[in-house]
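A.B. asks: Shown below is the structure under consideration.
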Amino acid sequence: MVSKRYTWSLWLIALLLLVCLDISHARLYLTNVTTGEKAVYRSIDYEGDISDPYVITGVLVAIPLDADCCIHAPAMAWNETLHAPTNGTHISPVDSTVLILTRWQADGRECPTYATAMRDITDTIETLEIDLDYPPVSLLLFTAKGDSLENFGSANDEFYASYASDKPDYVNVAYVARDIGTLLHAQTLGAARLPLARVVQDMGVWNRFRESSTGVVMSVLLYVFVVPVLAFAVYYMARLVYIKRSLRDRRIIILIAAVLFLVGGLIVPMGYSQRPHEIFIRYVCWFFGYVAYTWVLVSWARIIRKTQKPRFWWMFTFLVYLGLLMMTAHCVSNCVYAVYVTNTTASAKSIIGTMVLPPVLALKAFFMAIYGTLFLRYIRRWVGVDNLRKAFRKLTYLTFTTFVAFIIFAVCATMTNSYFNSIVWVVPFRSICCSLMTAILAATTLAILHVHEKQPLAANPRSSPSTDVGTNLSGTMVATASFSQPKKVAQKRTLSPPALHPASSLGNTKGCEPLNQTQCLIPETPGPVSTSVGEETLTLEHSLITSASLPAMSGSPQITASTQLNDNPVSLRPHAPTAGRFTLTRPTTP
């Protein structure tokens with residue numbers, strides 16, 4: 001069996017090989033017909049669109065770009081004597097035309113991608129070939145965003161550059177570096193004799209990566225991470241639909257969103273070249289998945305809030321909803337950019353995705369870890385029922401996994417910045433991390449729903465006392481809302497006379513208004529009430545408990561209470577920082 005150290009060594013070697021991939025393939029040979037000077041540059045295929053092998057020799061023509069992002073043919077007609085060499089340099093016969101579009105022209109004319117400019121490419125080619133008598137157009141050269149010293153042409157850089165729908169079938173497409181494209185454009189536009197280009201097809205570093213063993217491993221890990229979780233989610237959802245005979249159930253709605261999230265991550269994964277409609281589908285699925293998880297997270301947070309009062313709780317709540325808002329903005333900005341490409345939408349997408357969203361997710365993850373740790377301490381100290389304690393512990397541990405998922409998400413979002421798009425090893429790293437994050441968030445959501453199903457965190461009022469966990473008075477129970485139960489609406493109750501309390505039995509009581517020497521009245525206004533029973537001090541606060549009573553002095557003191565969620569009694573230990581508005585009585589010992 002291969003050791004872990006040996007496995008990691010293989011991974012490191014593979015990444016180093018990716019970084020050191022041969023990028024010296026020079027496939028564009030340019031000749032100045034006036035001086036005879038020659039230069040050699042790189043030209044590569046668009047990532048995900050490998051052309052059939054070709055060797056094209058043709059005149060290089062710069063295509064002007066208007067202010068409204070429309071291309072048109074140059075004004076100069078073809079004249080073979082003007083484009084022939086004058087110094088006796090041997091040049092292959094000109095049998096094609098090579099067109100070049102530069103990035104700086106596109107950026108200056110509200111044309112963020114070449115897809116917009118490609119709308120008029122067919123008319124431009126017809127004008128060149130028929131009206132101006134140029135040789136047949138065989139190649140389109142696009143200028144990439146990266147310079148020649150970088151690994152330019154990544155699909156992450158050339159985002160949404162969907163030209164396939166407008167590209168004629170007989171025309172190939174290749175990329176040159178940004179600085180080389182600017183140089184070629186300057187040599188070509190308005191020149192008396194156009195330079196000749198000999199272009200040899202080269203798939204480029206990014207397509208070679210796709211066909212490498214590392215690219216295959218990246219694809220395999222995507223299915224390894226996502227498919228098992230997706231299969232369980234579909235099975236779980238189908239079983240619930242069969243049991244409920246309806247889709248109107250909170251768990252089913254959450255499961256539908258989780259399935260969409262997984263399907264989107266599977267068919268439109270991060271790190272692969274996609275069309276605009278595929279990008280749109282990805283972020284719609286992400287939105288539904290994140291909303292479903294936030295729903296589950298808020299329910300977990302309410303349990304903490306109802307059982308204790310952690311410090312800086314407002315910060316956690318703020319980050320939860322701010323994260324939801326930022327994720328919504330992230331998804332919306334990408335969807336808008338997929339269908340409406342401008343420099344403004346491109347900037348908004350980049351700022352939200354790489355500068356705003358990552359720190360929000362990171363802070364949210366750290367606060368979740370802090371409050372989860374505090375909640376575990378509370379569970380160990382105050383929750384007495386074993387099965388409930390185990391359920392709460394599982395719930396909190398599962399929430400800890402989202403700390404890992406959010407940190408991964410923040411790192412991946414940061415690495416979508418254009419600075420990282422020329423680094424080859426970033427692509428598999430980011431893709432694998434995104435697949436892992438998708439699986440973790442979806443699996444955590446499913447596991448939390450499963451915990452609620454196996455150990456309901458709220459007593460079911462329709463269940464029998466023998467099976468309802470809420471009737472167990474031997475330990476500590478905290479009642480919270482269950483996903484499977486509809487939200488209960490508080491009903492107006494008739495006011496009952498104020499409870500009277502034997503002050504002599506209560507001992508030293510604070511927050512209880514004395515009526516006489518033996519009785520006191522719990523105030524109607526919210527506020528804590530504490531009472532001393534021997535050496536034990538019992539403190540209850542208003543928000544969860546509606547009524548509470550102390551047993552007789554014999555035995556260890558406990559509090560039996562009714563909650564606002566249901567009327568099942570709940571047993572609480574002394575010192576429990578339980579919140580609620582209540583009446584407190586202690587019967588006299590017979």
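Note that the numbers count up from 1, one per residue, in the order the chain is shown.
Note: Cβ is positioned from N, Cα and C throughout, glycine not excepted.
Note that TrEMBL annotation is computational and uncurated.
Copying in the features that TrEMBL gives for the protein in this structure:
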COMPBIAS  555-569  compositional bias 'Polar residues'
REGION    555-590  region 'Disordered'
SIGNAL    1-26  signal peptide
TRANSMEM  216-238  transmembrane segment
TRANSMEM  250-268  transmembrane segment
TRANSMEM  280-300  transmembrane segment
TRANSMEM  312-339  transmembrane segment
TRANSMEM  351-374  transmembrane segment
TRANSMEM  395-416  transmembrane segment
TRANSMEM  422-449  transmembrane segment
A.B. asks: Counting a contact as 3 or more Cβ pairs under 8 Å, with residues at least 6 apart in sequence, do the transmembrane segment (216-238) and the transmembrane segment (422-449) touch?
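C.D. replies: Between the transmembrane segment (422-449) and the transmembrane segment (216-238), which are separate recorded stretches, there is contact, as judged by 3 or more close Cβ pairs.
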A.B. asks: Give residue numbers and ranges for long-range contacts of the transmembrane segment (250-268): same chain, 6 or more residues beyond its ends, CB-CB under 8 A.
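C.D. replies: Contacts with the transmembrane segment (250-268): 222-223, 226-227, 229-230, 233-234, 236-237, 240-241, 244, 274, 278-279, 281-282, 284-286, 288-292, 295-296, 434-435, 438-439, 441-442, 445-446, 449, 452-453, 483-484, 486.
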A.B. asks: Of the listed stretches 280-300, 312-339, 351-374, which one has the most C-beta pairs under 8 A with the transmembrane segment (395-416)?
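C.D. replies: Per the Cβ under 8 Å count, 351-374.
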